[in-house]
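Some features that TrEMBL has for this protein:
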COMPBIAS  1-12  compositional bias 'Basic residues'
COMPBIAS  13-26  compositional bias 'Basic and acidic residues'
COMPBIAS  27-50  compositional bias 'Acidic residues'
REGION    1-50  region 'Disordered'
Amino acid sequence: RRKKEERRKKKEERRGKKEVGRMKKEEEDEYEEEEEKEEEEEEEEGEEEE
């Protein structure tokens, strides 16, 4: 019985780490999307000047 509880705790810890990793990944994806938008806007401005 004690082994089951220990195993459940380990599972919960691993799941917690996965969720933290997913949160970080989502934040990075949002940051990359913002950078891409800014780069596209700068390219459009450069084309208008020519």
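The backbone N, Cα and C atoms fix where each Cβ goes, and this holds for glycine too.
Heads up, TrEMBL stuff is auto-annotated, nobody curated it.
Residue counts for the compositional bias 'Basic and acidic residues' (13-26) under DSSP, helix first, then strand, then coil, are 14 helix, 0 strand, 0 coil. Sorting each residue of the compositional bias 'Basic residues' (1-12) by its DSSP state yields 11 helix, 0 strand, 1 coil.
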